[in-house]
Every structure is written in C-alpha cells, then in structure tokens.
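Copied from Swiss-Prot, the annotated features are:
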MOD_RES   M1  N-acetylmethionine
ZN_FING   15-55  zinc finger
ZN_FING   90-132  zinc finger
BINDING   C95, H98, C117, H124  Zn(2+) binding site
REGION    447-514  region 'Disordered'
REGION    529-561  region 'Disordered'
COMPBIAS  535-545  compositional bias 'Low complexity'
REGION    645-665  region 'Disordered'
REGION    776-811  region 'Disordered'
COMPBIAS  795-806  compositional bias 'Low complexity'
REGION    874-961  region 'Disordered'
Amino acid sequence: MDEQSVESIAEVFRCFICMEKLRDARLCPHCSKLCCFSCIRRWLTEQRAQCPHCRAPLQLRELVNCRWAEEVTQQLDTLQLCSLTKHEENEKDKCENHHEKLSVFCWTCKKCICHQCALWGGMHGGHTFKPLAEIYEQHVTKVNEEVAKLRRRLMELISLVQEVERNVEAVRNAKDERVREIRNAVEMMIARLDTQLKNKLITLMGQKTSLTQETELLESLLQEVEHQLRSCSKSELISKSSEILMMFQQVHRKPMASFVTTPVPPDFTSELVPSYDSATFVLENFSTLRQRADPVYSPPLQVSGLCWRLKVYPDGNGVVRGYYLSVFLELSAGLPETSKYEYRVEMVHQSCNDPTKNIIREFASDFEVGECWGYNRFFRLDLLANEGYLNRQNDTVILRFQVRSPTFFQKCRDQHWYITQLEAAQTGYIQQINNLKERLTIELSRTQKSRDLSPPDNHLSPQNDDSPETRTKKAGSCSDMLLEGGPTCASVRETKEDEDEEEKIQNEDYHHELSDGDLDLDLVGEDEVNHLDGSSSSASSTATSNTEENDIDEETMSGENDVEYNSMELEEGELMEDAAAAGPPGSSHSYVGASSRMSRRTHLCSAATSSLLDIDPLILIHLLDLKDRSSMENLWGLQPRPSASLLQPTASYSRKDKDQRKQQAMWRVPSDLKMLKRLKTQMAEVRCMKTDVKTTLSDIKGSSVASTDMQTNLFCADQAALTTCGPENSGRLQDLGMELLAKSSVAGCYIRNPTNKKNSPKSARAIAGSLSLRRAVDSGENSRSKGDCQVLAEGSSGSSQSGSRHSSPRALTHGIIGDLLPKSEDRQCKALDSDAVVVAVFNGLPTVEKRRKMVTLGTNAKGGRLEGMQMADLESHSEAGEVQPTLPEGASAAPEEGMSSDSDIECDTENEEQEEHTSMGAFNDPFLAQPPDEDSHSSFPDGEQIDPENLHFNPDEGGGR
C-alpha cells in the first residue's frame, strides 16, 4: 500500500473538530462523523446542543462509542511508520562511493561496506568480513536485552513512584488527622473557656440582678415619695410622713456592705501558650548612670534552665545616644540552637498607679546564647521626667520584662535540656565521689598491708590480744567489773617506734591527697553549678541594626563594663557567710595572729586525726557515704561541704601548700561579724551547761569525800573502798555518769556549727578522746586477764572531754559508732561509758598545774612515751591494786573555763616543744604509749590537784582478777 492510500484512510479517522488523531472516538448518530469525546463534549456543553457537522440537535447521551476506531488508528500509525522506515532504509543502506546496497561488515574496521568496497576498493585488503545481517541480529539482541533491563528498571521506578505517592497520601492523611485532633482539642478548649465564661457571667449577672432590683425598688420609692410631695396637701403629708420615714428606715436597714461583691477576675488559663515569666528591674541613680557610657544589667531571670537579663543603656546606644533610652533582652545561658521566644518590656508610670499608662513593647525574636534583641529607641529621654516615668525624688526608673516560650512543647523541650544538664553534672559528681572512695580504699589497704607486714613487738606484753572478734566479750566483762566497783585496768598496746612513724607519715600523706581531692571536687562543683545557673555573662555579640525596633545589640558584653546589681555571682555571696571560720589552717586573713595559732593547733591535732583513721576503715567509708548523701541533697543549692574535722586536712602542710590554699581562700573567705556574734552566743550557752555539770560533780564529790578519806594511803585486801558508798551512792554515781554523757551530747549539739571552727584541732582531739574510751576499756579487759593494771584516767578524760565545749559533733561520736557496733555491744559500751565517768568522778578528776603535764597522747610525732620512773612506780604498785595517773611530758593542758573559743588553746612555745622532744628522746628503753588507734586525751577541771590518796580501789578484787 502506497503512502497516498494510507494518508487518505487516515483522513477518515481524524476528528473533524480538532483535526487530530481520534482519541476516545464517538460517532454522531445523524451524520456518522467521527470525533473525539472530549471535543464533542466541550462543544455541546459550551457552544450549542447540535452536531457541528450536520447541525442536527444532539445530546451527549446520544453519541455512539466507537471502540473499534482506536484499533484502526493504531494500525494506520503502524503502516505510516513502516512505509517511512523502508523509505529511509532504502536511502541510508547504500554505499556512498558505489551507491550499492550495504551487505558486508568489515570486522577489522568495524564498518558496513558494499561488496565492491570489499572486493575492488583496495582499502579492506586482508580484513575479516562477516555478513551484515548476522551482525545486525547480534546488535539487535544486545539492544533488546538492554531494553528489557530498562523496562524492568522502569517498572521499579514506577513502583517507587507509586510508593512515594502512597507516602504522600499517608502524610496528607496524617496531617489532616492532626488537624482534626487539634481542631477537636481547640474546640474542647473553647468549650471549656465558654464554660468558664458562663460561670463567671452567671456570678456577675446574679450580682447585677440583685443590684438592679435594689435600684428599681429605690427608684419606685423615690417616685412614690415625690408624687406624695406634689399631690398631697399639708395635712395629708404630715399624717403620712411617719409612714414615709418608716419606709426609708426599712431601706436603710440593709447595709451597703451587703451589695459590695467580690469582683470576678478576668483571666482565662490558656492550654496552648504558657504564661509569661516576669522580673522587675529598678534603675537607681538614673542620672548618674546616664553620665556613664556603660550598659546596666538586671539580675538574672531563671526560666526552665534559661538565663535572661535586661540590658539597658540609660543614655542610649549608638546613634541615638543622648536622645533615647535603649532597652534590650539578652539570653545569657540556654540551648545551643536558635529558638524563638516571645518577650515584653514594660516601663512603669510612677506618677500614678494606672497600669494603662505604662509603656509596653512586645515582640517575638529568634534568640541565641549571648544575643540581644530589643529596642534602640525605647523612649525619649527628655520625656521621662515630664511624662512621669522618672521619679525625680528617688531618681529611679522601673522596668519590667517578661519572656515565655511560644508553646508548651518548646517549654518542655527547654526543661528536658536543663534536666539533662543537671543529670550530667550529677553523674560527674558521683564519679568524682567514687574515685575518692577508690583512693580511700587503696590507701587503707596499703596501710593495712604495711601494718600486717611489720612484726609486733611483744617484749613487754607478749600475750596482748586486741582482735576485733574479742572486743564484744571484753567490753561486756569490763562493764561488769565497773558495775561491781572493782578497779579498772587498762593495758597499753606497744608497737615499734619506726612503725608508728611510718603509719603517721602514710596517714598524713593520705590526708593531703584526700584534702586535695575534696578541694578539687568543691571547686569543680561550684564552676559547674555556676554554668547551670547561667550567672556567667556571655561575651558573644552580633551585628547591630539601628532600626526603630528589634535592634540587635552590637557592643561586647565585657565583664569590666558591666554594672552588676544584687551580686550577679551567686556563689560568692553564699561563701561569705560560711567560710570565715571554715578555711584550712593558716588560710584565714581576717584576724591578726590567727595563722600562727592555727598552725600550732594543726600540729597538735595531726596525730589525733591519724589515730581516727587507724581505728576502723568502715568508719571512714561510712563518713564518706554521709558526705555523699549530703552533697546529693545540696546539689540544687549550696555546694557540698565535706566534714571539716575528718575530710579536711588537719596535719601541718608545707609552706607552698599553705600559700596555695591562702590564695584559693582569699576570694571566698571574707570576715563575717554576724557569724562571730552567733558563735559567742552559742559558746556562752555551752559554758553555762559546763558550769551546771561541774556543780553536779562537786556535789557528788562532797557526798563521797567521807569514804575516800578513810582509805588514805591504805592498800589492804578488803573491799571497803566502794562498799562504804553504799548502794544508794553507787546508783547515784551511775545515774550521774549517764546524765554527764547526755549533757556531753547536748553540748556537742551547741558546738556543731559548720561555719564555726571547722578545722579546729580541739574538735579532732575531742573526736579521738571520745572514741578512745572504748579502746581503753577493751585494752583494760585484755590486761585484766593477765593481772596488769594501768590508769583509766585517759579514757575517762576522753569522756569528760566529749562533754566539754570542744566535743566532737554528734554525727561522729554517736551516729557513726552506733552504726558500726552491734546492738548488744552498743548497750555494753553505754554502760561502760557511764561507769568510766563514775570512776573518774569518784577519783576527783585531778589536774596538773602546768599544761605540759597533761596527758595528750598522739600529739607527738613519734607517739607519747611513758617515763621510766613512772613505769617503775606503776609496776611497784600494780600488785597492791593501786592506780596512779601517768603524765608524760609534752602533753597540753585543757582550756580554762573563762577563755573564749578563739583563745582556748594557748600552746607552748617552740622552745618548749623542742625541750619536750629532747626529753622524750632521752630514754633508752622504748616504753611505747598507746598506738594511734587507741590514744586519748585527758582534761581535768581547773582548781583540783592530783593526789594518790583520792585514787583508792579494792586491791582484793583487783588482785583476784
């Protein structure tokens, strides 16, 4: 079929409206012409309801659907394409040189040629030839394979497109669902608001109705009275005047106060937008601030972990300086990403209390940390005083700024970020505490290993056994002996001199390491809390814009130019109150000569603290747990303060360490007169209680003086020493001991002030003294089994020391030891303490005239030694059961009663201390005193002399044991 015939057939199957190929063909029932459905529908609906070809009336439903026409048009298209392709092939498949049909493929040249080129052309001599049809089939096969791959790829892409379309549809549906939810929620919120409005209106309408009824009643009454006045004659008015006055009285019986109602507040809580968080900034001395070019910052406003403050230029900023008041809001701490916040700045009209005259500017801006948004031209400076915004009497301007998150969702996000920051800080604190615990455990294990490796010296007491397993039995038997009135015997644990020195050096090194760790923890904690509180000012700045509003401040927020109000550094104010008397020894700079006294006290207290560390590792672990809980409780407020008596180093530091601690304490330890006054008041109360205790002791001593005088210089075998007191006096002495222990705990409550003498050596000495009572009793039970007798004056003095004003805190003397001891052992120790005090009272608790004659074991670096003569006397009298107090030199006396807390301990001079060390080292025989874990301190009331006649015990009972 030629091209013309194909074209004529194609003309038949062409739409007579658009003259294009038929698409969804329709047939006119009148003229049988074919046309596109879209074309005829558009014609019938927009033009006329008739056929465009035959003009016959035609409706859309009358059209005939010609489904066969589409197949015919496709076949015509194929015929046209084939005819065109064949024609083109005939033109292209000819050789350009010979005009012959291309029939050969040169495999060497990769080119299609004719047979003449292959045979006679001369250009393809020796080449490999293949039939053109074969090569064509190979290429068609390859192309079809690739086409199949592309079709598969196309189908995959189509499926992906369909999946994306489904995803788009799902997203739209989800959005529509959220919109419906929001609409429902908003409708419910609106309904709740309508309910609130209805309730408020019901209340108001009830008030209005009662008032309206009363006004209508009064109006009708007035009209009636006026009518009577106009219409009645004089006689009638006189006769009705009583009735009218009675009506008036009835009206006045109801007071006006009954009509005064409580106004209904016009506020409705929004469930979508949070309320504003506001703060007020009062610019005092405004005229003086105008003369400066520096900005003024308001106190910080903490909102959900964000720190906001107002930045005010009293004389204007930039080009408006001298003309306008510039006010900006700064985000000094918060989330790292940019967030939008709504803010409002209000200047209060001070001439009257009308809030409608306040200048209010509000806007919403995107804030970053350190960025300022506000108003460069907030208000004209020349109109401040004239308009009433500047109080000329006080020279003040009051600004109120408010800020909020746009939605509750953003506010919850800010709070979640703040909680994350706090949890991270808490994790850091816990990690540091665990590190300190590990260090403490390592040091304690190292000390225990060194103690186990060094062999004990059993030269004097080879059968000494003071293991922890036998302490319970010893305490019980010793308490029974004290209750029976028998003599108290105490054995002295003896160790080598080099072992004592090694343990003291290790303990002092441990104190230094622990103190440095605690100090690092304290300082790091303060820095992190300062960062969380947002009190640190940001130094970042952004570009400025001198537009009318929403100007970004450009000036650098330097700390030197900031005029701070109400102490922007919050932690500095907190440290002023409780660091005046809590610094390490030698670091106080508030008093003249305090450093010298504190250094001497540190020397006296070093051995006492070392002995406390050697007592039991569980005690220190428990103390550190207490500190851990205390720091967790104070995490949101003040910094954790470790216990000064144990966790703060009391050993003598090197000069370099002292200088470093002085520099660290200079900026955080100012003097505080209020704290000193409070301290003096508490010390006066403690002195009063001590006077009461002394009075009671004097009464009991007077009642027992008859029994003690009868036994002067007699050491017989009868039991007349304590039986003369009778059962009543014995019970009274026992009750007195319990009362004295109770009063000592009360005195410890008064002394327990964390800001007063935290690091006093007396406190550590009293701790060791109170704990040494149990050690002395344990050693006494051990020595009683061997027939040796020693003095219990050291243990009893430790008990009396705990009742003085230098007693240790209750958390150390009662809480910790009570937790470590079993219940049965605790009850035995209580009876033991009370009986030890009874024996000390019965013996008069004599004192020595000089302070250096008092027993203070553990204060010497090498440990207290017993003199040879005193030990010989002790051995000579031990057979008869005599107990004499041994007083080695180098001990310090107890404080006098009238001395204040700052001058309680007046230690010996350096020369005297040297003499003491010289005299102590002069002995060849190493008579060792109690080791550091059992040392104690003795203190006696002033004015009483020591006398062997007052120390009588029953020798029979002691010898029998």
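Including glycine, each Cβ sits where the backbone N, Cα and C put it.
For the recorded site, H124 (Zn(2+) binding site), the DSSP three-state label reads coil. Averaged across the zinc finger (15-55), pLDDT for the predicted model comes to 86. Counted with DSSP, the zinc finger (90-132) comes out as 9 helix, 11 strand, 23 coil. Of the listed binding-site residues C95, C117, the Cβ environment within 10 Å is emptiest of other Cβ atoms at C95. In terms of DSSP secondary structure, the zinc finger (15-55) contains 10 helix, 8 strand, 23 coil.
Each residue in N97, E100, I113, C114, H115, Q116, A118, G121, M123 lies on the same chain as C95, H98, C117, H124 and has a C-beta within 8 Å of the C-beta centroid of that Zn(2+) site, without being one of the site residues. The Cβ of H124 (Zn(2+) binding site) has 17 neighbouring Cβ atoms from other residues within 10 Å, across all protein chains displayed.
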